[in-house]
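Features as listed in TrEMBL:
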- 56-167: domain 'DOMON' (DOMAIN)
- 174-369: domain 'Cytochrome b561' (DOMAIN)
- 1-25: signal peptide (SIGNAL)
- 214-232: transmembrane segment (TRANSMEM)
- 244-267: transmembrane segment (TRANSMEM)
- 279-298: transmembrane segment (TRANSMEM)
- 318-337: transmembrane segment (TRANSMEM)
- 343-363: transmembrane segment (TRANSMEM)
Amino acid sequence: MSLYFSVSFIFFGLISLQLPPLSTQEATETCSSTLPLNDLTFDSTLLQCVQAWTPQNYILRYAKTVENTWSFILSAPDANAYIGIGFSTNGQMTGASAIVGWIPTDGKGQAKQYLLGGKSPGEVKPDQGDLKIVNGSLKIESVSSRLYMSFQLTAELPRQSLLYAMGPAGFIPSSPGFTLREHRDMTTTTINYNTGSQSVVKGSPHSKLRKTHGLMNMFGWGILIIIGALVARHMKQWKPTWFYAHIALQTTGFLLGLTGIICGLVLENRTEANNVSKHKGLGITIFVMGILQVLALLARPDKDSKYRKYWNWYHHNVGRVMIILAISNIFYGIHLADAGSSWNGGYGFVVAVLVLAAIGLEVRKFKNK
């Protein structure tokens, strides 16, 4: 191989680290953060605080401020979506009453009580429910890229099974119906109002499918395919083992990636996500390029053929572009899912190791010429 191919492989590897958006800069908050609200109708110094939903950085502050009156403030990152907290008698969504808030384009926050009569959007009824909200206490505002939804309930003791939900990005309920779309993510917890302790009961019904989608694509397109490319480029001294290893890795990676794409299409259909068109388009492009690589293998000319150099150029560079797009789309998917720094950091570490390995192998290859 020429020096051009050595340099280009390293260049593509390094560029792939720069393309994906690793994460958005969301305003995080902890229970020790100062509450940036000044016009509350109750004494905020009385509030207890709990990390209500750690993966989404939901913070719940609450207190029994007067007899049979409980004050709440739910804060969450402003992700251009609605936020919600539900109060359930049995930990289930159906039959619970929820308070949902959002910031429309005019900047004037809106919040309503909803009756969660079922799991379809048509069964979630606005301005219904059995929560006794103190008149004038329900409001939501955006401060420093976070939403703060405050309200007061008349109750001797609020229900201890709490549901938290995050709406699909880019969707804001509007008049006249104020219909909600299915949440992007949710979790169910139980809380002890006296001690502030809570336990997670369950997460989103789509969380397993979402994780499967991410892991299959990550291991398939984003790890095994890359290792297979390294084997083909640097292990040819071990004939014919390198070839069978290359085929096995690429085939396994392709099948895992195909499984991930199918999971993604099912997930999009179930959640009616409206912000995944670019992610989906990139995924389909990667899949088509994977199919072209398989077809190229079937049409591979003999080593002595005058067309072999053109086939090599096509096969190698389509593979490189596919790897770049795959890495980029994996990071983009992590961003869309708000999966957090653990996913970004974990996969980023794997990509860094693979790039360093590629650089080391390229250096050794060049020195041995």
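Residue numbering: from 1, along the chain as shown.
In case you wondered, yes, glycine gets a Cβ from its N, Cα and C as well.
TrEMBL labels come from automatic prediction, so no person has curated them.
Restricting the average to the domain 'Cytochrome b561' (174-369) gives a pLDDT of 88. Each of 244-267, 318-337, 343-363 was scored by its Cβ pairs under 8 Å to the transmembrane segment (279-298), and the highest score goes to 318-337. Across the range of the domain 'DOMON' (56-167), the DSSP-based residue counts are 4 helix, 61 strand, 47 coil.
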